[in-house]
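As given in Swiss-Prot:
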REGION    1-89  region 'Disordered'
COMPBIAS  10-19  compositional bias 'Low complexity'
COMPBIAS  41-57  compositional bias 'Basic and acidic residues'
COMPBIAS  58-82  compositional bias 'Basic residues'
MOD_RES   LYS134  N6-acetyllysine
MOD_RES   LYS140  N6-acetyllysine
BINDING   HIS208, HIS210, HIS277, ASP299  Zn(2+) 1 binding site
BINDING   ASP212, HIS213, ASP299, HIS526  Zn(2+) 2 binding site
MOD_RES   LYS323  N6-acetyllysine
MOD_RES   LYS337  N6-acetyllysine
MOD_RES   LYS397  N6-acetyllysine
BINDING   HIS500, VAL501, SER502, GLY503, HIS504  substrate binding site
MOD_RES   LYS511  N6-acetyllysine
MOD_RES   LYS547  N6-acetyllysine
MOD_RES   LYS634  N6-acetyllysine
MOD_RES   LYS649  N6-acetyllysine
Amino acid sequence: MTDNNHYENNESNENSSENSKVDEARAGAFERFTNRKKRFRENAQKNGESSHHEAPSHHKKEHRPNKKPNNHHKQKHAKTRNYAKEELDSNKVEGVTEILHVNERGTLGFHKELKKGVETNNKIQVEHLNPHYKMNLNSKASVKITPLGGLGEIGGNMMVIETPKSAIVIDAGMSFPKEGLFGVDILIPDFSYLHQIKDKIAGIIITHAHEDHIGATPYLFKELQFPLYGTPLSLGLIGSKFDEHGLKKYRSYFKIVEKRCPISVGEFIIEWIHITHSIIDSSALAIQTKAGTIIHTGDFKIDHTPVDNLPTDLYRLAHYGEKGVMLLLSDSTNSHKSGTTPSESTIAPAFDTLFKEAQGRVIMSTFSSNIHRVYQAIQYGIKYNRKIAVIGRSMEKNLDIARELGYIHLPYQSFIEANEVAKYPDNEVLIVTTGSQGETMSALYRMATDEHRHISIKPNDLVIISAKAIPGNEASVSAVLNFLIKKEAKVAYQEFDNIHVSGHAAQEEQKLMLRLIKPKFFLPVHGEYNHVARHKQTAISCGVPEKNIYLMEDGDQVEVGPAFIKKVGTIKSGKSYVDNQSNLSIDTSIVQQREEVASAGVFAATIFVNKNKQALLESSQFSSLGLVGFKDEKHLIKEIQGGLEMLLKSSNAEILNNPKKLEDHTRNFIRKALFKKFRKYPAIICHAHSF
């Protein structure tokens, strides 16, 4: 509606608008305007001017383009407008545009000015969404990204970021083996590529202290040593691992970092940024390079009400986003989960209810690194007057370090040893323990199978398993659940939604991270291929062009510069196997042999041959394992012996006189004979001697 229409409305409804001072003012303004117009026409008639003289040009109707206003009044009103413009210019505020077309008839000029405002704001928003366009696209600088673990799998995270002269390694984690890797407790990344580039590695950069990010550090330092940068908790837990491995002297490589304080590491400038996750003191990384800024989120969720009241440093992330980020590497673990991940503090009401209603002992099992989860459980144990027994080596160690470093504060008098549990009534005891993943050597498993020295599960026990099974551990978790239920314990697991929350961002948190960082290029990390592929779709929905996203797998090498992202090669990657009881690596060939034995059995042959007669001696020995039953073994051995007799008769002197060739000749025959009979390739143990 135009200003004139406002005035006409108010004049016709003057009596009904008396209670409004604003309406009265407008009506008065219209009356004064009408009187001025009337006097103007009367003066014009007295001066002999045309009686149909038009009103000043700024009141002319815009649909009369041929009607020219009087020059005198045109100049007069031009002066008025110029004066108004000068006055506005002198009082102009940055970010504010004054409207000049206030009193004109119609809305064309008014809307033009508003449209200019729309265009200006749209331009500002587009520039705000794409600050990375400030980067120098002519720069020849680039960085190379090489994941050695954590892509195509859950866990085992390790990544190399390098320039031609310098490199950093982000995290060094372990993962759990799938079922069937007999005698293998953990997997660690293959360090071969690090040996190739060792002369330019400036440091190991740790994002947080979970096993899938620090578990491989002692094995790495047995082979290579570099400065190791991290927050106090990360270094504390790594230091404890080094003690167990006899590497205490390598603590001299540790560098304690301060968050929000960029430091130089080789050619990189790195800042640790506080992030919330399921372990204390987690960090994202801002890595400044000559090519541009890289943000690595580490594992994260955006928890606004964390237990320690230290939420994610969104301001610092946004700070780098506004400056312009070339590349974002972001956690993909929960990329299939819609919405947001609940806060760690939401567990409290469920814990409160369970502890309040428990009639006997409460046994709570979770990841030993989830210190805030353990802390909350202990707080409710104290609230309901229970003594706390912490059982399990890793649980005791992590809790002690967190207390000593001042991350948590708990009264020492509330704690008892495992051998003191029996001295207290069941309803006055809380046991915090390891074993949430069904590990056969864990305290919970040994309690459930009556193998623990001091504690066995009772029918009145409440067992809270406050964790989800890591992929690959489902069968182990199911086994321990079966043992607990057979003991008639009450088990709180997945049916209680509020006793466990994830430490990883769901889709809405991933979107917020993408919107804060506004990267030009995006590499989703941490997860199997289906996780990073889903994260890619989320990034596209947040405005990252599909051509600027690459889905990596372990061993891929991707080069990124201000104007491009491309795969440039593939390096050898894989896993090394570790026996966690001896802390020793297991050769790949040993694991393969174990798989052969488990899947197809073993056949052993020690033969003695008379070269002249080309015949087996009676002292030859044969045995099998996992092929046939005891009754059928004699028949199988007789078949193999008969076949070998025929083989020796047709063998030439060169084979019979060479023990190595005779052994290979015998092994190949047995292998083929067993495959023909069983359609399997058992492990063959063969020794041959000729006389």
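Backbone N, Cα and C atoms are what each Cβ position is placed from, and that goes for glycine too.
For the pair LYS140 (N6-acetyllysine) and LYS134 (N6-acetyllysine), the Cα-Cα distance reads 15 Å. When the C-alpha distances from HIS500 (substrate binding site) to the recorded positions HIS277, LYS337, HIS526, LYS634, LYS649 are tabulated, the minimum falls on HIS277.
Shown in sequence order, SER502, ALA506, GLN507 are the residues of the chain, 6+ apart in sequence, with a C-beta less than 8 angstroms from the C-beta of LYS337 (N6-acetyllysine). The separation of ASP299 (Zn(2+) 1 binding site) from HIS213 (Zn(2+) 2 binding site), Cα to Cα, is 9 Å. Reported as a whole number, the C-alpha separation between LYS649 (N6-acetyllysine) and ASP212 (Zn(2+) 2 binding site) equals 58 Å. Checking each of the recorded positions LYS134, HIS210, HIS277, LYS634 against HIS504 (substrate binding site) by C-alpha distance, the shortest gap belongs to HIS277. Cβ contacts within 10 Å of SER502 (substrate binding site), excluding its own Cβ and spanning all protein chains shown: 16.
Taking the Cα atom of each, LYS397 (N6-acetyllysine) and HIS210 (Zn(2+) 1 binding site) are about 14 angstrom apart.
Neighbour density around each Cβ, counted as other Cβ atoms within 10 Å, peaks among the recorded positions LYS134, LYS140, HIS208, LYS511 at HIS208.
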